[in-house]
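Chemist: This is the structure I have questions about; it appears just below.
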Amino acid sequence: MWTADEIAQLCYEHYGIRLPKKGKPEPNHEWTLLAAVVKIQSPADKACDTPDKPVQVTKEVVSMGTGTKCIGQSKMRKNGDILNDSHAEVIARRSFQRYLLHQLQLAATLKEDSIFVPGTQKGVWKLRRDLIFVFFSSHTPCGDASIIPMLEFEDQPCCPVFRNWAHNSSVEASSNLEAPGNERKCEDPDSPVTKKMRLEPGTAAREVTNGAAHHQSFGKQKSGPISPGIHSCDLTVEGLATVTRIAPGSAKVIDVYRTGAKCVPGEAGDSGKPGAAFHQVGLLRVKPGRGDRTRSMSCSDKMARWNVLGCQGALLMHLLEEPIYLSAVVIGKCPYSQEAMQRALIGRCQNVSALPKGFGVQELKILQSDLLFEQSRSAVQAKRADSPGRLVPCGAAISWSAVPEQPLDVTANGFPQGTTKKTIGSLQARSQISKVELFRSFQKLLSRIARDKWPHSLRVQKLDTYQEYKEAASSYQEAWSTLRKQVFGSWIRNPPDYHQFK
């Protein structure tokens, strides 16, 4: 039906053609990360491939995001008008929610071209059965999925581990982030790298299912800029300090790619030991900030949550019969481990039970493309040669949604690019995908639906604040509570007063 390379190429072309220069990295000096949601439509009468005749599908990018930054907790605001987390995956998901809101509006106003059809209960909708959604990311998600075995012939991509820093890697119960002074020096696999990675012979196994772990190595890049080779493997992470398995070419696992995301209070914590035993896998982690701690969970953790609760969030669950799940995740060319992805996104939650009707741990298909994002850290590093100055992450984030009004949204530091201190708090200083604006769009949608056609969850009581609307989505809240009790008990949640806006 489709391949990982086809998804990656579609997203790269969309980024190059549909997104303007504004918000993109400065050539040879900045890099960024890319994520997107792709809608795949199969012919209604042919949902499956057959050996003699593959099904022809229609692929469309419906949301896209770029970004590498988070704001610190001291910059968070209680009126919902700032983006706390601007990592590409989160921007793409919030942009996807804008798209879903628009599609629900089309359905509610009886338009024929909506992705939704009426559900079995009054006032709710469900996704058409000929549609699925695939999530693309140019890089492995930060956090648990980025703890990847490293072979001895690979250049060291992370900063040295100093014992005084390692011993300070834990966090107090009252805080939620990194050791002092580390400031994102050791990031996910697309983080700053001081040496070019060597090209290893071989061809990437580009399509692997969640049930198997295959050794992968990258050969010549198929399209885009010439890049340094990036090697990946799928050796077990647990017990790497004493691992004796030998990879092809007699290369031992000597270290792991580091994630800058730090363990949350209540988790066991990393050992901080030099080499392969540095990280403990499977833990909840918080994204790093520069100086000021953040309250943003890692992308690995958020994507694992989406795989149980859906991508629609609590608000939209009022209007949906079932959660909106991703069918597959495709990762671009980068350091990668199938085992780490499987563990981080699926394995940690696979034994969750007693979820409400419609919710469940999804059999997410996880694949990797052989195509490199041309504005990724490693691609820019390879092209810039002796360019003066440091290579730094782009400070802007781009949101794009397949909606007719203001599809593009460019932000920096959580606000629309160009926002000044004087304009903060005004309507023009709000991102289209901020909590308050998504809530406003949700309320606007409700205003276009006759009250007697609202779902029961919205008619049973008077709701006023963002928090009240979220809490009233009872099935979603029950599923989220179950997930926290059974697996994610240390998940950092913002206090209710951050959700009291109207």
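Yeah, the Cβs are placed from backbone N, Cα and C, and that goes for glycine too.
Dumping what Swiss-Prot says about this protein:
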ACT_SITE  GLU89  active site, proton donor
BINDING   HIS87, CYS142, CYS299  Zn(2+) binding site
BINDING   ARG93, ARG94, LYS302, ARG305, LYS435, LYS470  1D-myo-inositol hexakisphosphate binding site
DOMAIN    63-501  domain 'A to I editase'
MOD_RES   SER191  phosphoserine
REGION    174-194  region 'Disordered'
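Map the listed features onto the structure and describe their local environment.
Modeler: Cβ neighbours within 10 Å of GLU89 (active site, proton donor), excluding its own Cβ and spanning all shown chains: 28. According to DSSP, GLU89 (active site, proton donor) sits within a helical segment.
Under the DSSP three-state reduction, CYS142 (Zn(2+) binding site) is assigned to coil, being neither helix nor strand.
Around the Cβ of LYS470 (1D-myo-inositol hexakisphosphate binding site), the same chain contributes ALA314, LEU315, GLN477, HIS499, each under 8 angstroms and 6 or more positions distant in sequence.
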Chemist: Which has the fewest other CB atoms in a 10 Å radius around its CB: HIS87, ARG93, ARG94, ARG305, LYS435, the listed binding-site residues?
Modeler: ARG305
Chemist: Whole-number Å only: compute the distance from the Cα of ARG305 (1D-myo-inositol hexakisphosphate binding site) to the Cα of CYS299 (Zn(2+) binding site).
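Modeler: Cα to Cα, ARG305 (1D-myo-inositol hexakisphosphate binding site) and CYS299 (Zn(2+) binding site) are separated by 10 Å.
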Chemist: Taking DSSP as the reference, which of helix, strand or coil describes ARG305 (1D-myo-inositol hexakisphosphate binding site)?
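Modeler: DSSP call for ARG305 (1D-myo-inositol hexakisphosphate binding site): helix.
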Chemist: What's the number of neighbouring CB atoms sitting within 10 A of the CB on LYS302 (1D-myo-inositol hexakisphosphate binding site)?
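Modeler: Looking across every protein chain shown, the total is 21.
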Chemist: At the Cα level, what's the spacing in Å between ARG93 (1D-myo-inositol hexakisphosphate binding site) and HIS87 (Zn(2+) binding site), rounded?
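Modeler: Per the Cα atoms, ARG93 (1D-myo-inositol hexakisphosphate binding site) and HIS87 (Zn(2+) binding site) stand 10 Å apart.
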Chemist: Relative to the Cα of GLU89 (active site, proton donor), which of the binding-site residues CYS299, LYS302, LYS435 have a Cα no more than 10 Å away?
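Modeler: The binding-site residues close to GLU89 (active site, proton donor) (Cα within 10 Å), listed in sequence order, are CYS299, LYS302.
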